[in-house]
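Report on the structure given below.
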């Protein structure tokens, strides 16, 4: 049993393991563990077995502070710094910072970055979280990169309560007494399947290991625990040496360092850092190499748990430390009842050969790491999908020893991880190079030999074979150059080409990003109590920080509640021949299995069934659902259900295959203006190209979940669900159960992130759970774990685009023809709408007279893709902007010149004949160029690239015209219900859902202004279909717009009713007016209504006014790439956004930043990987990489365009929830700019197929050089 499971009842802040990620990869379940020392360390509760905590104190966020008692400064500051949005990740963030402050009350900024490196956030973009943490730091170089006026501040640091370390919780006295007299007897814990044995002495441990030689030793559980979660690996007996002090001994000698195998990796890091500070550099080469990898190995929470011995013994092929320890000649000290012995950490041990391995009864007691010596150099290398908390694609440890005073190789060691089933030593290559000079001839021979010896088969684990082969030789080349530089210091003269050394030096994680906020202050005549336009804290911010914000699955267990688990297809396209439920139903605690036959009403639609009937269309399609007394029983039953399939043809996964099979979901969508054919005949040049954009997982921190509670009469149901569209859930459950909508009430308190993924899918889960509730008569709770959520739900549509662009030599585009295909998956879902929006938005900011846009949604055998933030715009507009860069390359002009030349300049009409004024677009563009110092930095980038061959910088600036809203008037309506109670308090209800975007906060700001009362008088409880019926999905960036209008209407109605009373007693108080109104029988309840913006689109004519208004913006980003590895760092980003008059600048800036970082993830690191059978491989944070805190640009500046107005919207504000997403492409185009510079210097064609995401693999292989050519030749002739 894990800590998260034990903590969950009543402790809502601990986001229990499997439902966040279950592998320690997201940090949502972070807690603090304290030992006697006193030491405090953060851990992920989902991986910590409760049995391992004997004698330790565990602190959750509930123990840190509460809104009911006293807030801790960490909680106060993260909330008041606007560091929470949906709030699901916030308790974990708080606990990571709190633990840091318990150890270092005034930490450095680097320590803050390290502490938060294992905590993921999908909403905020991390900047405000870092801003809150930096208020504690000892030395701060300024939170903002540029000066601020007083009105520009989003929070006032001076108002925060100080941190007083003397007021923290003490270590529990009873545990202190226990530590002073430690228990020496063996402790045994018996579970249903596992027995946990914790010996009290080293002797007992050796005896137990001899008695149970197959039982693994478990300390951190970071390897075994993850395998148990994801693969169901169980061992009947586990031995825990946590109380064995001999395993934590550290000893220093004149020739080396011995570290106990039980030391955590965090402790190893501190031990090595101390030794490096004590010894001369020549003796610490191996220690420095280990330290380099320990900084990026996993997260701090994992490093606190994982032990050195466990890391070594696990022998993972991707181990970051084993390659360095191997080349550093480390020795393993083994112990058993029979005695001690030593074995080298060599290739034989790493390969698991009996001659170099532990005997079953032996344990690893300690590891000896010798000092390095003069003329010996050790380096470590790794390349991963992102900088932090990511498994490496390839890593390496390299060591060379020279004959004293020469460059002749006396000894050489090269070891790689990630290139096979185990860590691989290039022993033969190293032997052949002994006695050689360290020169170019040796380099060429070494690379050839390494490619021969470290050979990757085509089926190598993780794929990416050519990339990994390239890294094998690229790493050695980097080592070669590093050693050359060191030899230059020792041997004089020693000629080294300056150009070859220009790239050297590793990237460091720099300070947290900056913020430049240019926000027009509110009108000086605006009353102080009027909150509109002010940076009001998120209503739930403090509750997020204390863990008192209740999410759907935090609702306490209901009487007679049952758990549900889903059975999904393991075939991509097959006929269901039979389903055998017998074994599952025999499992104790299993109540029933729900199949399509149990549905009394409609089973979804003809093409999209709730539960599969006869045929499955993708891996992950729901077939049936198990209902049991516990979640564990339900999941055990899943494994016992036997489904027999018959494969069907065709099986289609890719867009290319769908085109080949003419497999489409809906008719082609098309828009055209001008005369394409004539225009292409009159241009100077024509370029054709392709663009590939990968899909994207929503990765909301709170997975899909629903609780259905049947009432005792009239077939009524209460449904508590995490959704953006409760009315859709209500309607779907109604049709599924064949009962009227008025019997079903859906409740949404708050949603832990949605991004479009909780519009349609929650209705499916709600309906299936409702069938279970109806059949059993019990409440049903259905909560998806991360793996199932990612497998079942689908995400952003992958896109394949083809373009043909005709232009003049000066860069003026005369004709553009774009055809886009999106991968819709196996059912229609929102694919037709996404196709329409994609086509409508393709022109972006450009006025091109002759256009043709076409789009199709492909039918494939993958889970149906669905709505996602931006709704087609981020994918489609990447095609348009790629056309621009292609034209720029052909014209020999910078891309920004082509963008300026073709941008809308005056009042005009779009391709679909909607009129608009681009004035704000041009202002955003010019403001962005100015505030980013773009033209100066463009020259600096070019100068940098001239001086650096192996590193290149790129810079790009991107304009944006984003259309807001649905293309239908009926989807823009909204309602609200406002009650005033006799004590003067006001309850506001509206049809929007709190997803983290602060809609409830904004609604109360609106109500406060309209009723002219402080926000403290106002309250929002929840969104409910019983209070506001027939609501529209909270989506398309208009939630605050339309619901704000409805709230405004309701408040104006109420205020009008109160006018006679106020006129009669103008000096009275609000409470007096309300009391008088009640006495005069004036209704104090009003329904507000907004009929909606007019919007329509006639696809037959190709014209309409589909969107209420546009949001304009521009972003400039600069990056630096390492041409040898494909790694890149984001140097700076500047964003200018047209928010008009922001309702709440803190919330709106948070939306811009969060959307930008999410978009940056789409275009750089977030990559979905499928097996040849259509099984999604990337089903968790280990394999699927959303941006982390270290991925934020080193300088991050956001400006809101001042003095902008729009009469259409409430208080002239704009919806900003989605628009920032596409601005993340500025990072993508900065990367391609850097790649183009590298290719140009290498005389390679600058035009190349655009592929998103621009992963390190893509960057490295695009920067073709002598090493990629070696690999291609090797592949060709091997």
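Glycine residues also receive a Cβ, built from the backbone N, Cα and C atoms like all the rest.
What TrEMBL says about this one:
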type	residues	note
ACT_SITE	1218	active site, proton acceptor
BINDING	86, 89, 121, 123	[2Fe-2S] cluster 2 binding site
BINDING	724, 755, 869, 1036	Mo-molybdopterin binding site
DOMAIN	1-64	domain '2Fe-2S ferredoxin-type'
DOMAIN	189-374	domain 'FAD-binding PCMH-type'
Distance check against residue 869 (Mo-molybdopterin binding site) for the recorded positions 86, 89, 121, 123, 1218, keeping those with Cα within 10 Å: 1218
By Cα-Cα distance, the member of binding-site residues 121, 123, 724, 755 nearest residue 1218 (active site, proton acceptor): 755
Nearest of the binding-site residues (724, 755, 1036) to residue 89 ([2Fe-2S] cluster 2 binding site), judged by Cα-Cα distance: 755
Residues within 8 Å of the 724, 755, 869, 1036 Cβ centre (excluding the Mo-molybdopterin site residues themselves): 754, 756, 757, 759, 867, 868, 871, 995, 1034, 1035, 1217, 1218
Fewest other C-beta atoms within 10 angstroms, as judged across 86, 89, 121, 123, 1036, which are the binding-site residues: 1036
10 Å Cα neighbourhood of residue 123 ([2Fe-2S] cluster 2 binding site): matching binding-site residues from 724, 755, 1036: 755
C-alpha spacing of residue 86 ([2Fe-2S] cluster 2 binding site) relative to residue 1036 (Mo-molybdopterin binding site), in angstrom: 18
Length of the line joining the Cα atoms of residue 86 ([2Fe-2S] cluster 2 binding site) and residue 724 (Mo-molybdopterin binding site), in Å: 13
Pairwise CA distance, residue 121 ([2Fe-2S] cluster 2 binding site) versus residue 755 (Mo-molybdopterin binding site), rounded so that it is a whole Å: 13
Largest tally of Cβ atoms lying within 10 Å of a Cβ, found at which of the recorded positions 755, 869, 1218: 755
Other CB atoms within 10 A, centred on residue 724 (Mo-molybdopterin binding site): 26
Overall pLDDT of the domain '2Fe-2S ferredoxin-type' (1-64), taken as the mean: 81
Residues 724, 755, 869, 1036 [recorded Mo-molybdopterin binders]: greatest CA to CA distance in Å: 12
Output field, [2Fe-2S] cluster 2 shell: CB within 8 Å of site CB centroid, site 86, 89, 121, 123 dropped: 84, 85, 87, 88, 90, 122, 124, 701, 752, 753, 996, 1154
